[in-house]
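Single-structure report; data block below.
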Amino acid sequence: MEWSQELWLLIKYLLLGLFQGFTEPIPVSSSGHLVLLQHFLGIEIEGLSFEVMVNFASLFAVIAIYRFDLLKLVKGSARYVLYQDAQGKGDFRISFYLLLATVPAVLAALLFKDWIETELKQLHVIAFALLITGMALWLIRHLNGRKQDGDITLKDALLVGLAQTAALIPGISRSGATIVAAMGLGWRQETALRFSFFLYIPISLGSGVLAISDIVQDPHFTALWIPYTIAFIGSFIASYVSLLWFMNIMRHGKLIYFALYCWLAGLIVLSLLS
């Protein structure tokens, strides 16, 4: 009996890792879906460390896919800072904008963390947030501006960073909010997508570092390190595949698919609550 329970525990965390990993890159709100999954399927997640682990897995998947672009950005920024190399000025500017755009979400998370945890993880809030995400995606479904990396302004970066704070609400997609804001400002789809996922790196890394003390003190981390590791691997693979798929969807201008899904998910949740 004990071995079957242990097997189910491993399967559960693998499925949770795959689920979170697949929903993280696409504009459907992975945090909102995780809350819905726990409520409607009665799945309990033991410990505080799980979400941090699977988010780190998604972070590594993003870095793996954009590794050459990121390496260019880091090298160019370093050349500009160390040697005042004019060729690296554009890379340094984008790096600065990414850090600046991270600030609003970090401040909002620090100021309103407890309120978000207690008040916003309500099912009706998530349902309405999904409907809003769907509407935002629908509004920009045909947009494809002309702004590339060299055309991004300080104001653009701040506005996209402010949009990212909306994703603190479960049901509002982080990638969706930032891509909608960027494309609304006239960015090209490819530029908006890349900046959105570059912006995911500091916010995810920062939240993970801040949570290290919680992980160390979490008694479940030691007891569940094998299931957590399996969830990490599953989340990495699912995030990698999901992001590549999302990039292909964006190239073909099919954001409407995600808008329809968010509407459907939001309406189903509301109907189940009524």
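One is the number of the first residue shown, and numbering goes on along the chain from there.
Any Cβ shown, glycine's included, is placed from N, Cα and C.
Annotated transmembrane segment per Swiss-Prot: 8-28 (among others), in sequence order, evidence recorded as sequence analysis. Tertiary proximity for the transmembrane segment (8-28) is limited to same-chain residues at least six positions away from its ends with a CB under 8 Å from its CB atoms, namely 34, 37, 43, 45, 50-51, 54-55, 57-58, 61-62, 130, 133, 137, 173, 175-176, 179, 197, 224, 226-228, 230-239, 241-243, 245-246, 255, 258, 261-262, 265.
What Swiss-Prot lists as transmembrane segment is 45-65 (among others), and the listing cites sequence analysis. Non-local neighbours of the transmembrane segment (45-65) in the same chain are 13, 16-17, 20-21, 24-25, 34, 38, 197, 200-201, 204-205, 207-208, 211, 214-215, 218-221, 224, 228, 231-237, 239-240, 243-244; each lies 6+ residues outside the stretch with a CB under 8 Å from one of its CB atoms.
Remote same-chain partners of the transmembrane segment (92-112), defined as residues 6 or more beyond its termini with a Cβ less than 8 Å from a stretch Cβ, comprise 73-74, 76-77, 80-81, 149, 152, 154, 156-158, 160-162, 164-165, 167-168, 195, 198-199, 201-203, 206-207. Swiss-Prot lists 92-112 (among others) with the feature transmembrane segment, giving sequence analysis as the kind of evidence.
Outside the transmembrane segment (120-140), and at least 6 residues removed from its termini, the chain residues within Cβ reach (under 8 Å) are 27-29, 32, 35-36, 39, 168-173, 176-177, 179-180, 183-184, 255-256, 258-263, 265-267, 269-270, 273. The transmembrane segment annotation in Swiss-Prot covers 120-140 (among others) and is backed by sequence analysis.
Per Swiss-Prot, the feature transmembrane segment maps to 195-215 (among others); the stated evidence is sequence analysis.
Residues or ranges marked as transmembrane segment in Swiss-Prot: 230-250 (among others).
Feature annotation from Swiss-Prot assigns transmembrane segment to 253-273 (among others); the stated evidence is sequence analysis. Away from its own ends, the transmembrane segment (253-273) comes close to residues 26-29, 33, 36, 40, 123-124, 126-131, 133-135, 137-138, 140-142, 144, 171, 173, 176, 189 of its chain (Cβ-Cβ under 8 Å, at least six residues beyond either end).
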